[in-house]
Amino acid sequence: MRENGRDKNMEAGLCDAHVTSYPLRWWGVAVLALSVVILAIDMTVLNFALPAISRDLDPSGTQLLWIVDIYAFVIATLLITMGTLGDRIGRRKLLMWGIAGFGAASLLAAYSVSPLMLIIARALQGVAGATLMPSTLSLIKAMFPDKNELPRAIAVWISCYSLGAIIGPVLGGWLLEHFHWGSVFIINVPVAVAVIVGGLLVLPESKSSSPGKFDVAGAVLSMAALFGVVGALKAATAGLAWWIPALLATAAILAAGALVSHLNNSPHPLVDVRLLRDRAYAMAVAINAMSSFLLVGAMFYLTQYLQVVLGISPVHAGLLLMPGMVASMAATMITGEMVGRFSARPLLLIAITLAGAGLAMHVVEASGIWPTVSSGTGAQVWFGASFILLGVGAGMIDPVTNTIILGSAPPEQSGAASALSETGYELGGAFGAAILGAVLVGTYSRELSAVDLPLDPSQSTELSDNVNSAHVLAESLPDDLAAAVIDVADKAFTSGMGWASAVAVGCCIATAIAVRAVLPDVRAGGADSHEVDLSERR
């Protein structure tokens with residue numbers, strides 16, 4: 001029923017206690033999907049822009065890692081707070097402010113003139129990005145109370161993220177070949193404007209019907225705990241004195257302990273920890289985190305491998321990744337239709353196996369045991385096939401886990417539950433870039449330390465910094481020495497890629513074992529899906 005051209009639900013908002021299907025819900029999904037498209041494009045084009053950023057801003061290897069993962073670390077620190085804030089002040093309101101901030105931070109990133117400025121801009125993108133994912137997922141649940149429609153809506157939302165990942169490499173490659181690398185950030189601005197206009201027109205406001213007081217103490221403790229985890233990891237991978245990561249890790253443990261105690265005793269907790277006592281919900285969050293660990297970590301080195309080691313253009317690299325992105329999108333849509341009819345466990349085991357097989361192919365490629373797939377056209381074909389397997393596996397995981405997560409949480413805590421999940425996802429991605437990146441950098445440095453080339457100390461430092469720096473260095477050297485520098489740098493990087501991929505395969509095996517042993521044999525959607533009972537507090 002409409003009044004004066006606007007739906008009554010639009011004017012009054014959707015109350016979690018008595019939500020009904022929202023007439024404009026599929027238009028709403030389109031707007032929410034556009035808001036995650038901007039995140040997918042931003043992440044994929046950034047990876048392709050790393051070589052250009054390295055040439056222009058000359059960051060160190062550590063700064064390059066910060067440029068990639070500071071965004072995810074900031075998001076992970078703030079997601080729980082932002083998700084709970086959205087439950088209280090309104091999820092659409094939070095989304096609108098967040099997308100506006102994301103556009104502004106993107107402009108700052110585009111015109112960065114130093115590695116530090118770009119790192120700060122990426123951190124601000126993280127602050128804004130922390131509002132987007134929990135807001136979009138909780139709005140989807142508010143608009144789709146029908147459990148038969150909910151998995152389909154989630155699948156569309158995830159598929160649009162995959163669509164952004166498809167568009168990103170090709171669009172980013174074209175921009176990088178014709179414009180300054182800052183253009184890959186500027187494209188976020190018109191998308192942000194479109195989301196704001198569309199959101200104001202078709203999205204309903206949605207908030208908890210009985211939010212209670214905002215848990216300031218819980219928010220501070222959660223940020224302190226997550227910041228400690230992040231800081232400890234970064235300090236360890238940066239090679240700082242052992243006591244610095246130890247001190248930060250200790251602070252994180254103490255803050256986490258205080259947070260759990262506070263949440264168990266607060267009348268209005270930031271998030272109800274009993275959500276994590278539900279095995280299906282907890283495992284879904286953990287699997288989401290591992291999926292992000294694998295994808296973000298792998299993309300950090302795979303895009304550099306394509307452009308620097310194999311020497312193909314950004315556009316060519318984007319086209320090489322496109323079949324895997326399309327396969328991921330198709331897998332997401334198909335799995336979204338299957339989650340109500342099949343148990344979650346076999347679907348996830350198939351997905352993890354496919355992703356692990358794709359990563360194992362990179363181990364074979366890097367090992368050199370089959371020369372045909374280690375260079376030239378053979379390497380590109382092998383790479384494309386491996387990325388299809390990885391894409392299908394990742395595409396199958398998200399609709400299953402996100403349907404479990406939203407189906408487990410009461411409506412009034414959908415924002416907090418989504419935020420917990422997204423915190424795991426972002427932490428997984430950040431840890432993936434940091435840990436797999438550290439394996440790559442460590443292997444690269446170790447192998448180059450055994451090489452004796454006639455270089456002065458400054459040139460040796462540039463060679464050992466990262467593979468991009470090595471190729472830039474080679475441009476200023478005599479032909480014979482330049483060829484030797486490129487050869488040893490490419491071999492060291494490829495070896496690092498192989499070891500990083502091997503670690504990722506091991507993570508897939510461990511995750512599959514955990515799914516088989518711990519995940520309850522439930523369907524992700526449909527009649528036997530469940531919701532955690534939080535009606536009584538101890």
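For all residues, glycine too, the Cβ spot is worked out from N, Cα and C.
Annotation comment: TrEMBL describes 28-523 as domain 'Major facilitator superfamily (MFS) profile'. Taken from TrEMBL, the feature transmembrane segment applies to 26-52, 64-82, 94-113, 154-175, 181-204, 216-236, 242-260, 281-303, 315-335, 347-370, 382-406, 499-519.
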Is it true that the transmembrane segment (382-406) and the transmembrane segment (154-175) have 3 or more Cβ pairs under 8 Å, skipping pairs fewer than 6 apart in sequence?
yes
When you look at the transmembrane segment (216-236) alongside the transmembrane segment (181-204), do they share 3+ Cβ pairs under 8 Å, ignoring any pair fewer than 6 residues apart in sequence?
no
Mind pulling out the one from 94-113, 154-175, 315-335, 347-370, 499-519 with the most Cβ pairs under 8 angstroms to the transmembrane segment (281-303)?
499-519
For the transmembrane segment (216-236), I need the partner stretch with the highest count of C-beta pairs below 8 angstroms, choosing only from 26-52, 64-82, 315-335, 347-370, 499-519.
64-82
Same-chain residues near the transmembrane segment (347-370), Cβ under 8 Å, at least 6 residues beyond its ends:
287, 291, 294, 298, 302, 335, 338-339, 379, 382-383, 385-397, 400-401, 494-495, 497-499, 501-502, 504-505, 508-509, 511-512, 515-516, 519, 524
To what whole number does the mean pLDDT across the domain 'Major facilitator superfamily (MFS) profile' (28-523) round?
84
Given the cut-off of 8 Å on Cβ pairs that are 6 or more apart in sequence, determine whether the transmembrane segment (94-113) and the transmembrane segment (26-52) share at least 3 such pairs.
yes
With pairs restricted to those 6 or more apart in sequence, evaluate whether the transmembrane segment (64-82) and the transmembrane segment (26-52) have 3+ C-beta pairs under 8 Å.
yes
